[in-house]
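K.L.:
Okay, handing you the structure first.
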């Protein structure tokens, strides 16, 4: 075991947002993962509720092989092949899958790392012999969007019980035990693979965001155990050894510059962004700050018009900017432009926005690495890692860095397992290598990168002898992920309306950090072109239910959409909270209008105002009779949306307390009632 821990490099403190993925309604709003919030987590089994995998029938869909695949490893032995499929929403499961792929390459396997949705049923049924699935759980037991396609196939009733009898498998899950269905997704997948005849190699691994130990430590330990089991099941031939961890593996996605071709101009980043193939196009029609000018938190009411025939980015026919500035009721904008929409949105739907690195940051990296002279030649990349929305064209080094490489994120330890090979200074090489080691190296890395929020670009420029071979660019730098936002407009209207908090803060080393997406978005002008993708993830139909909504901060965005769209005589209650009534009462005009129209019962909490009543959970307790009446007597729905951490846990504790005290129940009885709400889908929770 210790040999395998040393052989296969560990990984660093990972973005904890993976554990806070949204609940079964998929109301995504992960505004910025760069700079990344990273916390300690570990393996902790807390859920005892049995898992029942229910199969379903349906029409067969077309399944195609992924366009971008990991190339065959020259170090693999004939017939020694492993497929590692991941499902993720913030990238953590993908990072683990990539690390596991590298580890298996060192065991002389031909390793293929793919999204679950890119693993076709034909390939799974015929070509896969060893399978590992790495999957996070989205909120209350759901599988992420990029894994649902394969999961739906696996649930078909007509599948024979021996479909996967040729497959040896294991799984690894990422979860958060503060959710009632902790690691539910991976447990469902694991059980279903067994039902279809697959046999286990090694045990399933799980990590828990709520544990004091790091998920990286737990993952490393599980990986070592799995690799040990894998070697026992598939021993190496005599005379063939495992590839040492100190040896640099060949590039999986090699890149070279076509200097024999003309240079390409990709300086117009907005135009280049629109060359992605798998996106929708729109025009910015609103980018209004909705918090007070003197307030430290800049929140934007951001609007995108996609009202064009064939979505061809035609010029606007109205002066949306003037309409927005003249209207205190932001819903007026939606009503004014709803006719003729070519793209339809329902309450709960989300959009992905694609950030761009700044010109200054891109130029700095090009200068530091000596790539300026080759930055504008077209790239030759025989294989590309999969990416949502597709790649821009032409793909030059400049456009690749601008639109696709995450150079401003906090580096993970996997980054250092590559780059120490490329430093020419022995002292710098030794230091970089230390960051790639478990134990003290992990602690040093946390102090160096995570605590001060140091970016990849800063690391590269600080180690001046570090020169990354162009061939390894796609292996060394992580890909930028799109950021997901819930719509806030009334269903079936345009423009798309988003509520976005601009990320900007000072670190402990007195450096200003800005979110890549929100810095870019904050500077977009009216009329500017933008690309996005749409995710149809509507919440359940709540018109037949009384609803209590709890929404601090920008969590109010999907609540606004629900309130504007709701056509029901049922009771609608909102507990909204923020810091200051006069500075960040988001959507105040809309909410107060709904109150005046008898469509909403509104309770507010402003934590920094004197005598404001504190936080949303404190106001809920003051209204405990209402809470108990709606949730118990009227069998209503509770819908919680906002930042992760204390808020969702304290809201749940408050709900249990309200029900207990008003009904005269024991704590155990109230807890069982809330668990029943969670199981029946009447307790909806999204945090990030």
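Including glycine, each Cβ sits where the backbone N, Cα and C put it.
According to Swiss-Prot:
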- 88-93, 136-139, 174-183, 209: FMN binding site (BINDING)
- 453, 483, 484, 485, 486, 515, 516, 517, 518, 688: FAD binding site (BINDING)
- 554, 607, 608, 613, 614, 615, 616, 617: NADP(+) binding site (BINDING)
- 59-68: compositional bias 'Basic and acidic residues' (COMPBIAS)
- 82-227: domain 'Flavodoxin-like' (DOMAIN)
- 277-543: domain 'FAD-binding FR-type' (DOMAIN)
- 26-76: region 'Disordered' (REGION)
K.L.:
Does DSSP put residue 484 (FAD binding site) in a helix, in a strand, or in coil?
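P.N.:
Reduced to three states, the DSSP call for residue 484 (FAD binding site) is strand.
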K.L.:
Could you tell me which of these binding-site residues, 91, 613, 614, has the greatest number of Cβ atoms within 10 Å of its own Cβ?
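P.N.:
Compared across 91, 613, 614, the most Cβ atoms within 10 Å surround 91.
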K.L.:
Just checking, which of 88, 486, 518, 607 (binding-site residues) has the fewest C-beta atoms within 10 Å of its C-beta?
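P.N.:
Comparing Cβ neighbours within 10 Å for the binding-site residues 88, 486, 518, 607, 607 has the fewest.
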K.L.:
Identify which of the binding-site residues 136, 554, 617 has its Cβ surrounded by the largest number of other Cβ atoms within 10 Å, counting every protein chain shown.
P.N.:
136
K.L.:
In whole Å, note down how far the CA of residue 607 (NADP(+) binding site) lies from the CA of residue 179 (FMN binding site).
P.N.:
25
K.L.:
Round to the nearest Å and give the CA-to-CA distance linking residue 518 (FAD binding site) with residue 554 (NADP(+) binding site).
P.N.:
14
K.L.:
How many Å separate the Cα atoms of residue 88 (FMN binding site) and residue 484 (FAD binding site)?
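P.N.:
That comes out at 13 Å between the alpha carbons.
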K.L.:
Tell me whether residue 554 (NADP(+) binding site) sits in a helix, a strand or coil according to DSSP.
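P.N.:
Once the DSSP labels are grouped into three classes, residue 554 (NADP(+) binding site) ends up as helix.
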K.L.:
Go ahead and report the DSSP secondary structure tallies for the domain 'Flavodoxin-like' (82-227): helix first, then strand, then coil.
P.N.:
59 helix, 35 strand, 52 coil
K.L.:
Can you tell me the CA-to-CA distance separating residue 617 (NADP(+) binding site) and residue 182 (FMN binding site), as a whole number of Å?
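P.N.:
Approximately 23 Å lies between the Cα of residue 617 (NADP(+) binding site) and that of residue 182 (FMN binding site).
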